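Okay, so here's the structure we're looking at.
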Amino acid sequence: MEQQRKEATERLLSTQGHDNLFYSEENDGVGVGDGGLVAVSNFTSILGLSIFMAACITFGFGCAIGYSSPTQSSIMEDLGLSVAEFSLFGSILSIGSLIGAAISGKITDLFGRKLTMWILNLFYIGGWLAIAFTKAPWLLNLGRISLGFTNGISGYLAPIYIAEITTKNVRGRFTTILQLMVGWGASFMYVVGSFVHWRTLALLATIPGLLQVLLIFFIPESPRWLAKVGREKELEAALLCLRGDKADISDEAIEIKNHVESLKSSSRGGIVDIFQKKYVRPLLTVVGMMVLTNLGGINAFAYYSGAIFVSAGISSMVGLITLAATQTVVGILGTTIIDKLGRRPLLLVSSAGLCFSSFLTGVSFFLKDFNWWDQGSPILAFIGLLMYMGSYALGGGLPWLLVSELFPINVKGSAGSICNFMGNSTGWVVGYYFNLLTEWSSAGIFFTFSAFFCANFILIATMVPETKGRTLEEIQASITPSSD
């Protein structure tokens, strides 16, 4: 079908006298020959607005993650919290995420992607207002749980929505932007939180939610979700909205409809579908990556990076600002190369970097514990933390891209809920016990993180398929053939 489309386009251009134009597979449209630029692109203003909407969601996700790091000392002082009580505040985000994760797939399948965004926005804004105006620890924790609930669903919803509205040639790039926005949200908290009061910072964090209130009226529903629920006319309207009024969306619409129909014939109904033999390998692979990534300490680094810098003998403000810059640079790099290099290389490089940086941070604390190389150990910790967060910015969010790519629409919700729940469960354990474990052995906990990422590297190298350059339907047909 793709070859026929290419040949038909080239014949049309030739008969109309446009000899310098050709069909560009890379850009899924028409390009200019003789080294020229692409003349027609499938990127529309509505598609850009939809991507920006998802970016606001994940920016808010990052704000929730990064909030506790620069505000730890001031919140503890103002509200009289102990270390254990603040550890509860930091980690309770993951408890809310667990609740959201458990229903993330079901609620997005039941209500659709857009209505779910509306619901999440209420919890998001309400959570930050509860934190900003709290007078007691219970309301502080309630606001944090509300934000966690939002994160538990949006961590699944945003990449799924982007993957379902974009074409194969840009899907990886735009989905990776979401991980970049998570980093920017956390970085915003790190930098601004170093200068403003924690209550003011909570109010500033409502801005992404307020933007979503305006944007959500102008974005379309996911075409693949519309196909799943049988709203075919709306499916075609959504595709035209995303691809442009003059775009030929017939082939894409037919491919989506046929794929959904084929899934209905083999579907048993409910969550039991995900436990069919053909889905076991991709499910175990993605769940394994998410569990190992969380056991590798990403929540600990995100929640308590300021405290880690201080305990290593480094200025919290300098460390957090440098961390924000590092995440930004590396995140942009990952966004520009993912659709060229592919998912597997970025995942492998990211996991190797996380493994080495955790080990390096552990070495720095080991030297500090024994008062060896007092001048050099803070430098090693500084390099280790920057490398860790930079490595995560490069490929830490890619497992969610794989969830959106590997699982068809009939089991995507169930797969997303399981992956989300398992990842957040281990994330909560690490986030809650990290401060307590560092009192046992700072070096030991970072060496343990390194071991988990070593296991993650092996899992990626042996189990993760490459998915770049193919439509979602092509990927799912090759990974999960119709025969059980």
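Here, residue 1 is simply the first one shown, and the rest follow in order.
Cβ atoms are placed via backbone N, Cα and C, with glycine included.
Record features (TrEMBL):
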TRANSMEM  46-67  transmembrane segment
DOMAIN    50-468  domain 'Major facilitator superfamily (MFS) profile'
TRANSMEM  79-103  transmembrane segment
TRANSMEM  115-133  transmembrane segment
TRANSMEM  145-162  transmembrane segment
TRANSMEM  174-192  transmembrane segment
TRANSMEM  198-219  transmembrane segment
TRANSMEM  283-302  transmembrane segment
TRANSMEM  308-334  transmembrane segment
TRANSMEM  346-367  transmembrane segment
TRANSMEM  379-403  transmembrane segment
TRANSMEM  415-434  transmembrane segment
TRANSMEM  440-461  transmembrane segment
Beyond the flanks of the transmembrane segment (283-302) by 6 or more, those residues with Cβ under 8 Å of it:
65-66, 69, 91, 94, 186, 274, 308, 347, 354, 358, 385, 388-389, 392, 396, 399, 402-403, 406-407, 415, 418-420, 422-424, 426-431, 434, 445-446, 449-450, 452-453, 455-456, 459-460, 463-464
Any contact, the transmembrane segment (346-367) to the transmembrane segment (145-162), with at least 3 Cβ pairs under 8 A:
no
For the transmembrane segment (145-162), name the stretch out of 79-103, 115-133, 174-192 with the most CB-CB pairs under 8 Å.
79-103
Give me the mean pLDDT over the domain 'Major facilitator superfamily (MFS) profile' (50-468), rounded to a whole number.
86
Cβ under 8 Å to the transmembrane segment (79-103), counting only same-chain residues 6 or more beyond its ends: which ones?
64-65, 68, 72, 134, 136-137, 140-141, 144-156, 299, 303-304, 417, 420-421, 423-425, 427-428, 431-432, 434-436
